[in-house]
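Undergrad: According to TrEMBL, the record shows the following:
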COMPBIAS  755-768  compositional bias 'Acidic residues'
COMPBIAS  769-785  compositional bias 'Basic and acidic residues'
DOMAIN    222-347  domain 'SSD'
DOMAIN    607-737  domain 'SSD'
REGION    755-785  region 'Disordered'
TRANSMEM  196-215  transmembrane segment
TRANSMEM  222-242  transmembrane segment
TRANSMEM  248-269  transmembrane segment
TRANSMEM  289-313  transmembrane segment
TRANSMEM  325-347  transmembrane segment
TRANSMEM  381-401  transmembrane segment
TRANSMEM  585-604  transmembrane segment
TRANSMEM  611-633  transmembrane segment
TRANSMEM  639-659  transmembrane segment
TRANSMEM  680-703  transmembrane segment
TRANSMEM  709-736  transmembrane segment
Amino acid sequence: MLSFFMAWEGQYVQVSFKFSRLLPKTDSAQVEYDVFRERFNQVGNTVVLAIDSFDVFDPELYPQWQRLQDELNAIPGVAGVLSPVNAYNLLRNDSIQKLYYQSMNPGFRSGKLDSMRNLFGNLPFYEGLLRSEDGQVPLMLVQIDPEQLYVRQIVTIVESIKESVEVAEAHMGRDIKISGLPHIRMANTKKVSKEIFLLVGLAMLVTALILFAFLRSARAMFISLGVVFLGVLWSFGLISVLDYEISMLSSLIPSLVIVIGVPNCIFLINKYHSEFKNHGNRIKALQRVIRKIGAATLMTNATTALGFASLILTDSTILKEFGVVASLNVMMVFVISIIVIPVYYSFARPPKQRHYKHLEKRWIKSFIDWLIRSSMYHRPYVYSGLVLLLVIAGIGISKIYTTGNLSEEFKKSDPVFQDLRFLEERFGGVVPLELVIDTRNAGGAYKNSTLKRIDRLQEAMQEVPGVSKALSIVNGLKFVKQAYYRGEPDFYELPGAQDRSFVLSYIPNDSKDGNSLMQSMVDSTGRYARISMQVEDMGKEESAYLQEALRANIAEIFPADRYDVTVTGAWMVFQKGTTYLIKNLIVSLGLAISVIALVMAFIFRSFAMVLVSMVPNLFPLLMTAGIMGFFGIPLKPSTILVFSVAFGISIDDTIHFLAKYRQELKITRYNIGQSVLLAIRETGVSMFYTSVVLFFGFSVFTASSFGGIVALGILVSITLIIAMIGNLLLLPSLLLSFEKMIINKSFTEPYITIYEEDEDDDEEDDEPDFPRHEAQGPKEELPIE
């Protein structure tokens, strides 16, 4: 019934229509951005269209451009469209001694297009705003109603804009570039909506094929898929019940449930087949499955859940939501598997020999024998290889760098990425960067000294790479002076001391007549002035250079004892948010390792055992970090998440192995070599199967169009394969090398019994497939039979 309820709730889950908040609400950068948006009533609501080498005033092209503009204006939710064909010019009216705005739109009178082209070219105000510096690339700015930005209707609005653009492209035979924050955000949303089902389908398909290849049982395959399918329903249901929205990160949870849930099924089914093969009693086999490995599976899932739950303690909303849903789903899929699989097999027909024949495959046996030989007789080679690989990994780690781009999740072949790069090359970028100058006095923004300083800062920032032309009250006043002097381009400059009073007296008092620019660049008190720029979607090093250039120019031009200058905008929030997120993920990884180490200490009651168990699980993380360094994969939120996910999963194999090893110690009367041999043989096959399933399961993420998810899939897959080798080769070697330090009374008498002891009277029945030897003393190494 609960599963039906979750399935019903899952239908109401929604994809988020806004960028995930990376910073907490109380962070200074977030507070400054919120204050800025409230003070200037600004939101990122502009979709930008551009055409390379396009003359909008050409008699053949003008009607098509005008038609596109009219169609966009007619779309419900579009607040307005601004382009060269409907831009305004300021004209002087001496009869009323005021300036007034007049549209330059000449309609379809082709005879006036040449004069309009010349007029538009003589208005420096629009350079970088509606045309490129060389005049070859015109822009069309589509303003979306702010009320529609973060609701479902935004999807329809952006799709309608794209449809109109595609029709215009067909008519013009030209490629129209499209970008802007609403477009990038909706491209993210659309991809998330599409890929969440693609990745779930691929994960189901891949795991089904691998399960059938290994288990050779359609029943085992379908029951495993049924378990993880229920887990997927719960994942959607929990997101809805908790009133969360699906973000790019949380969209991975259903696929993670499949990939993580299948190993539970493999351990349970393999143990069932092994027990049934021994004595042929179905009910007895199911009882021993639950009794012997039920607790072990619980603990392994608990450690995986703890790895995800560590994200809850961060201050990032997106990480908290991911941690809550992922950890709850990991435990839920365990509950489903431990109930559904035994119940199903209690009613199903007994397995036939072909169903458990996979336990005796020759190549599997050869692989297990190689592991045993290496850990028992070739430990010096194992340790030498470990040291060599760690040195190589260290060199790779030294090459790692961090980054954080708004478009980093898009592939370079994606039109969204290509269009963004085009606009960056021709206009300097599309990501808003804002400077707010606090003059500390009402009306201080209109003082001549302040205006001159703003002008100096704008000119200085033009020399910084990756920054567009700045827009402020200074640009508006320059436009006013040019209009006062009958539109002469040479007069596009700040009013001087001689003409300031009568030039400014011509500014319209009615905002309806065009004073809106002044109002958007200065607050109502005249104390705060705003400088608006667009910057490239740059990486960490370029961002650091830009921020340093800003600090240096601000410190030189605006004395700290007279002005307070705040750097804000979507770009600054994203840059600080990315850095903040990376720090949070590193802290959460350290927390996950610490918490899981405490759990291991509680389970095994041996500090030395905790240290030994951590080595084969930290080693893969170091190797993966080294690989990232050598292959130039940057450290960013999506790649740092690899370490938390991989560590939480890989520690599961360690628990299974050590729990079985401790059980065998009592059975073999503390014969270390024999116990290691038996533990490898008992857990090796299942660990190999689950690692292969996890490898290919996470590999399906490479089908994503998000670069971060692709990197996550590749890196987690590599990490888990290395972790499997570590747990089956390095861990046994360490146990044999440090046996005296590890084995003590506390270790053999745990708080929690994970693997139940075999009853004396059933010992032969319970484990006939593992050879029993007389105890030969704790140090004797046994030959392989």
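The backbone N, Cα and C atoms fix where each Cβ goes, and this holds for glycine too.
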Undergrad: Let me check one thing: do the transmembrane segment (289-313) and the transmembrane segment (585-604) come into contact, meaning three or more Cβ pairs under 8 Å with sequence separation of at least 6?
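TA: Yes, the transmembrane segment (289-313) and the transmembrane segment (585-604) are in contact.
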Undergrad: By Cβ distance under 8 Å, which residues at least 6 away from the ends of the transmembrane segment (381-401) in the same chain are close to it?
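TA: Residues 374-375, 540-541, 619, 622-623, 625-630, 632, 634-635, 729-730, 733.
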Undergrad: So, taking each listed stretch (196-215, 325-347, 585-604) in turn and counting its Cβ pairs to the transmembrane segment (248-269) that are under 8 angstroms, which one gives the highest count?
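TA: The stretch I would name here is 325-347.
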Undergrad: Apart from its near flanks, which chain residues at least 6 from the ends of the transmembrane segment (196-215) lie with a Cβ under 8 angstroms of it?
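TA: Non-local partners: 221, 224-225, 228-229, 232, 246, 251-252, 254-255, 258-259, 262, 265-266, 269-270, 273, 355, 358, 689, 692-693, 696-697, 699-701, 703-704.
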Undergrad: For the transmembrane segment (585-604), could you work out the same-chain residues 6 or more beyond its ends whose Cβ comes under 8 Å from its Cβ atoms?
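TA: Distant contacts of the transmembrane segment (585-604): 299, 302-303, 306-307, 310-311, 313-314, 319, 323, 610, 613-614, 618, 637, 640-641, 643-644, 647-648, 651, 654-655, 658-659, 662, 747, 750-752, 754.
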Undergrad: Should anything in the same chain at least six residues away from the transmembrane segment (325-347) have a Cβ under 8 Å from its Cβ atoms, list it; otherwise answer none.
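TA: Counting only partners 6 or more residues beyond its ends, the transmembrane segment (325-347) has Cβ contacts under 8 Å with 223, 226-228, 230-231, 234-235, 238-239, 242, 244, 250, 253, 256-257, 260-261, 264-265, 268-269, 272, 282-283, 286, 289-290, 294, 297-298, 301-302, 304-306, 308-309, 311-312.
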